[in-house]
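Database features, via TrEMBL:
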BINDING   B:G8, B:N9, B:P10, B:N11, B:V12, B:G13, B:K14, B:S15, B:D62, B:T63, B:P64, B:G65  GTP binding site
BINDING   B:N19, B:A20, B:G23  Mg(2+) binding site
DOMAIN    B:1-176  domain 'FeoB-type G'
TRANSMEM  B:238-257  transmembrane segment
TRANSMEM  B:307-328  transmembrane segment
TRANSMEM  B:390-411  transmembrane segment
TRANSMEM  B:417-437  transmembrane segment
TRANSMEM  B:470-494  transmembrane segment
TRANSMEM  B:596-615  transmembrane segment
TRANSMEM  B:627-649  transmembrane segment
Amino acid sequence: MTLRDCPRGVRVVVDDVDLDDRHRFRLREIGLARGVELRVIQRGVFGGRVIAFGDERIALDGGTARAVHVRLARDEAKRNDENGDRNEC
Amino acid sequence: MKRVVFVGNPNVGKSSMFNALLGAKTRTMNAPGTTVSITCGRYRYEKESAESGKPLFWQFVDTPGTYSLLPMSPDEQVAVDALTGASGMPVPDLVVVVLDATAMSRSLYLLSMVVELGLPTVVALTMDDLALRNGCGVDPNRLSRLLDGMPVVVVDGRTGKGGEALADVIAEGFSGTPVPHGLRVWSGATDSSDSTDEIRAWSESRADARLNWTANILRGLDVHADERVTVSDRIDRVLLHPVFGIIVFLAVLFMVFQATTTLASPMQDWIDVTFRGWCTNGIDRLLGLFGPAADGGWLRSLTVDGLLDGIITVLTFIPTMGIMFLLLSMLEDSGYMARAAFVMDRAMRALGLDGRAFLPIIVGFGCNLPALAATRTLPDSRQRVLTGMLVPFAACSARLSVFLVLAHAFFPKYAGLVVFLMYVVSVTVILLVGVLLRHTMFRGLEPEPLMLALPAYQCPRAVQLVRSVLLRLLGFIRGASVIIIAMIMVLWLLQGIPMKADAGGFAHVDDVHDSAYGVLADTVAPVFAPAGFDDWHASAALITGFVAKEVVVGSMSQSYHADESGDTAGNRGGEGTLGQKLRVSFGRSSHGHGRAAAIAFLLFTLAYTPCLATVAEMRRQFGTRVAARSVLLSLAVAYVIAVVAFQLLRLVW
């Protein structure tokens, strides 16, 4: 799932950024690194997205949004539970 | 004099704060070898220095906003150079890092990089009032403790409140500031001047450490990543909405367009007519004191038709420029410009331009001059220059007056259609020249992916607004007045020198054709033979049009000895004296293909160069080389399309 098709308002976690080194680094510098939790709060008309983490708002164009792979934050909690169960076994 | 450099993210109110600190005593110039502007000023530190008992002066330098010291644009590169003492700029004695209290994580990241350069560093915290309102205020003392004693001063970006405290902290900071633990000073920062690659490598290598450090400080500050819906979010629901967003944007665009044309118009007329009348009367009365001989002589002509005309011309641009500067400041300071960039991004990206390029180009269809001023909002200097070179091809309203006269004279039943087609051509030329420029002069300039931090909405403060507008107006006048007044005086001189024995006295030449100006027009005219209008009336009008397009129609009337009322009749029915004379002379110069020549002339007027004020402003913003290239490009494009149009159309008409 990418930022382009992820649902609005739901917390997601950044998995991977599929851009060239320079732009991936810059995204990291403005706060979008692997493991960061964020929400998509606005959808633009041609695929652009506005994301929120904390009080910061970042506007991304459609191409960049498509390059950021995310997963639902809820999965995080579920996966932790599963790992916990396995350890107990 | 000690040098203090200000850095910070874009849109944190750094420039407003900078201007508020220095009052009106700032100077904007291009960084050495670039088209990126930096602002400098001398700050007067009132508290007496211990030894001399006199106030101290510091050199304050403002840099373009940047997110990191690994630059992604020429503007960010200038910020890095200003910090490291590269590209001809001296190494600063102290750095003020402006942190945005509503966006601490990226602010702290930049701070970490700056601190590692090893220079004395202090923190100016802005937007704290906004952060408090949102429930995430930053306590400056707590932050300072977390930074191991680095001075932190809260400054209001719009009013400059806190400026004195900041000055005190700067004064103490010159002797050195603490380096927070977890950060490591890089000794190679200011060693050699060719270290751009080294800086890049250093920026990348320590990124993880700095990001961890930033996270630690944030934890210490207790800044929660809550799912708060801020006021700005609510406003953005509408302004960034896929449908409403575009509607609002178009409305804003329309408002800006109307304001710079229709609203400015009565003020311009007042200056051009009433104020000019007062000045003329005043001059006459003054000259009358020196006896009847002076009044009516060439001195009067020089003063009224030369010098005064030049000054009035410069003054007539003030209303439209002032309104543009005001609107630009309001749009930027309120935070809306960033939203506009997001809304228009996709459309402009298809043309290879930045989303914010839409505003200058649309405004250009009203008047090219404020459109150039509007290119300021583009954050990348290359995009600014590219857009600035496309603006002159937007058919401004002054050119419209020429279109109307010729359209009515040659195509009385289809005048409206002809004018409409001129606008279609204008848009097409902009698109095509854009493609041309991107494959030649701006080869390799791809629009960067949009990763734009949206600032919170703020209400711009009136006093600050007015002050910044006045400052910019002063800059414009300084840049434009000399060249415009000089050109107008040259034209006056040329028109005043009689070249024939019976032409009349100096400055009283009856027929313009008999003056030096007429000779110039005759010399230039043959160039236009392939375009069908190698008539001295046409070239004379075009030369005057280089100074200001509004004057073309008037100067055409003058050259044909048609009286002034003639051209208004020409506008309406094509039967006025001017219309008839145009048809005759165009018909003659084109050997019977008057209409084709008229179209060629219209196309040439559309593209050839914008008025002198626009060229002067381009030179002030982008430098002489870019301005010269733009003028040559315009002339070349205009000539080519005029010639091609004539040669094709004369087969039909």
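Numbers here mean position along the shown chain, with the first residue as 1.
Cβ atoms here come from the backbone N, Cα and C positions, even for glycine.
Keep in mind that this is a model prediction, so the values were computed, not measured.
Within 8 Å of the Cβ centroid of the GTP site, not counting the listed residues B:G8, B:N9, B:P10, B:N11, B:V12, B:G13, B:K14, B:S15, B:D62, B:T63, B:P64, B:G65, the chain contributes B:F6, B:V7, B:T66, B:V98. Residues near B:V12 (GTP binding site) in space but far in sequence (CB under 8 A, at least 6 apart, same chain), listed by position: B:G65, B:V98, B:L99, B:D100, B:A103, B:S107, B:T126, B:M127, B:G157, B:P455. Rounded to a whole number, the C-alpha distance linking B:P10 (GTP binding site) with B:G23 (Mg(2+) binding site) is 21 angstrom. Counting neighbouring Cβ atoms within 10 Å of each of the binding-site residues (B:N19, B:G23), the lowest count belongs to B:G23. Neighbouring residues of the recorded Mg(2+) site, listed in sequence order and excluding B:N19, B:A20, B:G23, comprise B:S16, B:M17, B:F18, B:L21, B:L22, B:A24, B:T26, B:G160, B:Q464, B:R467 (Cβ within 8 Å of the Cβ centroid). The list of residues near the transmembrane segment (B:417-437) in space but at least 6 beyond its ends in sequence, with Cβ under 8 angstroms from a Cβ of it, reads 351-353, 361, 365, 386, 389-390, 393-395, 400, 403-404, 407, 411, 599, 602-603, 606-607, 633, 637, 641. Of all the binding-site residues in the list B:G8, B:D62, B:P64, the shortest Cα-Cα distance to B:N19 (Mg(2+) binding site) is found for B:D62. Straight-line distance linking the Cα atoms of B:P64 (GTP binding site) and B:A20 (Mg(2+) binding site), rounded to a whole number, equals 17 Å. Fewest other C-beta atoms within 10 Å: among the binding-site residues B:G8, B:P64, that description fits B:P64. Residue environment of B:D62 (GTP binding site) contains 27 other Cβ atoms, counted within 10 Å of its Cβ in all protein chains. For the binding-site residues listed here (B:P10, B:K14, B:A20), the lowest count of other CB atoms within 10 A around the CB belongs to B:P10. Geometry remark: B:A20 (Mg(2+) binding site) versus B:K14 (GTP binding site), CA distance 10 Å. Secondary structure at B:D62 (GTP binding site), as computed by DSSP, is strand.
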